[in-house]
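These notes are about the structure you will find just below.
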Amino acid sequence: MSPEAVREKAPKVKDDLYKIRHSLAHVLAQAVLQMRPNAKLAFGPPIDNGFYYDFDFGDEEALGEEDLPEIQKRMRAILKENQQFEKRVLPVDEALEYLTGRGEVYKVEHCQRLKEAGNAEVSFYTNGPFDDLCEGPHVEKTRDLKPNIFKIDRTSGAYWLGDSSRPSLTRIYGVAFATKEELNDYLFWRAEAEKRDHRVVGKQMGLFSFHDEARGNPFYLPHGVAVKDALLDFWKRLHRMRGYVFIETPTILDRKLWETSGHWFNYRENMYTLQIDEEDCAVKPMNCPGGMLVYNESPKSFRELPLRVGELGHVHRHEMSGALDGLRRVRAFTQDDAHIFMTPEQITDEIVGVIDLADTIYSVFGLEYELCLSTKPEEKTIGSDEMWEKATDGLRGALDRWGKPYEVDEGAGAFYGPKIDFMLRDALNRKHQCGTIQLDMALPERFDLTYIGPDNASHRAVMVHRALYGSIDRFLGILIEHFAGAFPVWLAPIQARVLPITDELNDYAQEVATKLLEAGFRVDLNTKSDKINRKIRDAAPMHIPYLLVVGKREAEEGKVAPRLRGNEQLDPLSVEDLIERMRPENDPFHGTTPRWFPPKID
RNA sequence: GCUGCUGUAGCUCAGUGGUAGAGCGCAUCCUUGGUAAGGAUGAGGUCAAGGGUUCAAAUCCCUUCAGCAGCUCCA
């Protein structure tokens, strides 16, 4: 791939919609200042779907949700005034003086930064009584902003400059589009998306739960375990085909190990520690150190490499309470982890292989993803700069060979190495990191991982940490939203439910269910003395792919009358024929397995 | 962790100082029916927890806990 395909983070295109959203942000600030004249302005940029503005209300009462209609009303009044947006340019020192005089502390700070960056002049935009340090551009006049293309949406907190050690601001969000229709479409879509929130669907389908007694730790209910098992069976099968072996390592390990790995000093605030027999120990937040011990159990020959060692490890991390978010962000989760040990020459082939494996997995679910390369963090890292450079080049080389576009996130790597992340989106289009491939040249050093080369000398091994679902828990959350609970047959917690029309048919229904269970399907039956209408309606929240209605006619002929999810009606067929029909659907690859050719070792 | 909002029955939610409510679900009974709401009766709540104000608190105040939207962080 050419370097041009790399999408570095670039400023957004300043098109008409950008101008509309940006101008509305100014109008928002103007309206807010009418209500709180002493509010200090921070930033107010356009964003996806709209805009926001950050305010510091100081000692005054902050504006909240209940004030949003009033803000919106005032904004519409401002639009009617048809204020002109006018740009003027001031020498930076004059601007500083002006802003200082107005007491706009945040603007002063920003202006100062602009000055330090070498700007001799800065621009201001004025509309009506409102004047703001601003790069622009804007629309010409407030009449260009139709009153029905925006909605003041919600408030939240934010930090000045996104830094948790700096002041907390009140952020007011608006959504805005070029036309009323687009706004309404967006609001409709968003309302629909909220209905498939995995926390709502998960409760409705009996997949998982949370309790105050274990904050941030999911409880998996029988239906949730069924889906997880299906995910993990698929994962193991695919990984076995790709030459992986599997291990399991302990949950609690000694402090010495975590000191060797660097976690004790670089990851301490996220670790649960405890004392056992007066020794410091930690509950594992990652599986890698245990994996290192296993690698070192015996000397390795280059002929054994690459060695791909998988582990479905349950890890605990003490996340900040405010970061917890359903299954997307928990304090204990299962990683579909693997560590690949190899020679430096094998890096590119091996990483391309992992990307390909991830791509295979995501495509089975129909998930789109974005690739992101994360480089060395500024602090709390282990390993030399040279190692980081080599490792980063290795990942970049693999990405270039893979040939799809990727973003670069400077400084976002793990403390032991750079990484490639696979970003998936939830129902509300929010991005979540799932798969990750982390190249590590530091831990092999610390744990002295070696192999004997063809020259009969000892060489330093290179390793990759990788997870493709990432966290099974988070991935499940995203899948729930992706499918809105209507999982494909192979994932569905209940694949078929038998619905007898009258109580006399319960025995036959039981017989049908048993046959399906024996054929390996997840089946239940509803023998309540309800009407068939009621039984069908009651089944709806479970999104069961096959509802099998059995009445007198079916019982006499040894058949079932399937009603598919989506309400399609099939002609009655025998249980054996039904099983034949369902069997391929119970396989992620629908009975065909994609061939994969391992990269050759030179 | 920070800012803002919220916490009433299994679920969704009404209830702003004066004897805890609705719909759905659940249980029992009637009904035994052919593809998305048949009928009757009934059980279920220390109104998140603790403290305070008051003759009186689900309601007002404080603290804590938890959830939600973001910020920050990350699988």
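Cβ atoms are placed via backbone N, Cα and C, with glycine included.
TrEMBL labels come from automatic prediction, so no person has curated them.
Now, the feature entries from TrEMBL:
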REGION    A:197-488  region 'Catalytic'
DOMAIN    A:222-488  domain 'Aminoacyl-transfer RNA synthetases class-II family profile'
BINDING   A:C288, A:H339, A:H465  Zn(2+) binding site
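Residues within less than 8 Å, Cβ to Cβ, of A:H465 (Zn(2+) binding site) and separated from it by at least 6 positions along the same chain comprise A:M286, A:C288, A:D337, A:A338, A:H339, A:A414, A:G417, A:T436, A:I437, A:Q438, A:D440. Residues A:C288, A:H339, A:H465 make up the record's Zn(2+) site, and a Cβ search at 8 Å around their centroid adds A:M286, A:N287, A:G291, A:M292, A:D337, A:A338, A:Q438, A:D440, A:L443, A:M463, A:V464, A:R466 from the same chain. Mean pLDDT across the domain 'Aminoacyl-transfer RNA synthetases class-II family profile' (A:222-488) comes to 93 in this model. Within 10 Å of the C-beta of A:H339 (Zn(2+) binding site) we count 25 further C-beta atoms, all protein chains included. A 10 Å cutoff on Cβ-Cβ distances gives A:C288 (Zn(2+) binding site) a total of 23 other Cβ atoms nearby, all chains included.
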